[in-house]
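What follows is a single structure, written as structure tokens, with notes after it.
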Amino acid sequence: TAMYNLSSYNTGPFTLSGIPGLEQYHVWISIPFCFIYFVAIVCNSILVYLIVVEHSLHTPMFFFLSMLALTDLILSTTCVPKTLSIFWFGPQKISFPGCLTQLFFLHYTFVLDSAILLAMAFDRYVAICSPLRYTTILTPKAIVKIAVGISLRSFCVFVPCVFLVNRLPFCKTHIIAHTYCEHIGVARLACADISINIWYGFSVPIMTVIIDVILIAVSYTFILCAVFRLPSRDARQKALGTCGSHICVILMFYIPAFFSILAHRFGHNVPRTFHIMFANLYVIIPPALNPIVYGVKTKQIRDKVILLLFPKR
């Protein structure tokens, strides 16, 4: 182990080789990728802009929505530009600190996204189950506390992984058969025991996200019970409309995430090409679809977008 402490091992850059088995299709794959990334950037930017400038959107729900949009921008921008450069110009080098930075932001924004979805579920729970106390519970001070709390939680959950990878010696290959650096993929290249990486990297984020999922499910159970008790059909439909968009986004976020994590841990029969293609879609499709789902489903945003795009009508 004395040998493993030599940091000279860690200095060399890594090479990201792209999607194994699909190298000859990289240029074709880049076309939808580039388009979806463009949609994600434009839609999330419009969403953040509208929420910032429109006073009618300065409510807790839209504050959390702008947080989600910013997190999605970070998530996709952490991975996609590098991925596109691999698709266009072949395998790309990435320095070890660059790889650690990418790995940190990728996983940090993932855990943060999960926490924001929980905050949004809590917001809807208070709004629908105790509307009279909404403004006293979700005060601006409380919202800032929630935002800081979930940001810190995500940081604390994932920052140990950076140190766990940083301590590893890399004396074998420096070629990562992927389009971006992610924790276990990088750790597997090390010539040392990585069981702590696998167990920490698997159990802690998974436990965090599972707790979020359980709490979201509980919130929505209460919400739906309350919605079906509403007296007027109109009020029921309005409440279901808002919750419907939230549930869509929640499913779009968690189903691929769990599939990806479980395939990494247990799916030795899942072809590597499929796994990496899926991991790529995962960092690009939810960030593009989230603002669209909320934009189409939320009347306030829909109206503002129409005004922004067609000011004369």
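Glycine residues also receive a Cβ, built from the backbone N, Cα and C atoms like all the rest.
Because the structure is a prediction, the values reported are computed rather than measured.
Mean model confidence for the domain 'G-protein coupled receptors family 1 profile' (43-294) is a pLDDT of 88. Residues or ranges marked as domain 'G-protein coupled receptors family 1 profile' by TrEMBL: 43-294.
Here the transmembrane segment (25-50) has Cβ contacts under 8 Å with residues 18-19, 57, 65-66, 69-70, 72-73, 76-77, 80, 83-84, 86-88, 280, 284-285, 287-288, 290-292, 294-295, 301, 304-305, 308 of the same chain, all six or more residues outside its ends. Here TrEMBL flags 25-50 (among others) as transmembrane segment.
What TrEMBL lists as transmembrane segment is 62-84 (among others).
Per TrEMBL, the feature transmembrane segment maps to 104-122 (among others). Long-range contacts of the transmembrane segment (104-122) within the same chain, counting only residues at least 6 positions beyond its ends with a Cβ under 8 Å from a Cβ of the stretch, are 61, 64-65, 67-68, 71-72, 74-75, 78-79, 146-147, 150-151, 153-155, 157-159, 161-162, 180-183, 205, 208-209, 212-213, 215-216, 219-220, 223, 246, 249-250, 253-254, 257, 283, 286.
The annotation transmembrane segment is assigned in TrEMBL to 143-165 (among others).
What TrEMBL lists as transmembrane segment is 206-228 (among others).
The feature transmembrane segment is assigned by TrEMBL to 240-262 (among others). Within its own chain, the transmembrane segment (240-262) is flanked in space by residues 110, 113-114, 117, 120-121, 124, 128, 202, 205-206, 209, 213, 216, 220, 223-224, 227, 275, 278-279, 281-282, 285-286, 289-290, 293-294, 296-298, which lie at least six positions past its ends and keep a Cβ under 8 Å from the stretch.
The transmembrane segment feature in TrEMBL is assigned to 274-296 (among others).
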Distal contacts, the transmembrane segment (274-296) - CB-CB under 8 A, six or more residues away:
19-20, 22, 33, 36-37, 39-40, 43-44, 46-47, 65, 68-69, 72-73, 75-76, 78-80, 83, 106, 113, 177-180, 182, 245, 248-249, 252-253, 256-257, 259-260, 263-264, 267, 302, 305
Which residues, given as numbers and ranges, are at least 6 beyond the ends of the transmembrane segment (62-84) yet have a Cβ under 8 Å from it?
16, 30, 33-34, 37, 40-41, 44-45, 47-48, 51-52, 92, 94, 102, 105-106, 109-110, 112-113, 116-117, 119-120, 123, 143, 147, 179-180, 280, 283-284, 286-288, 290-291, 294, 300
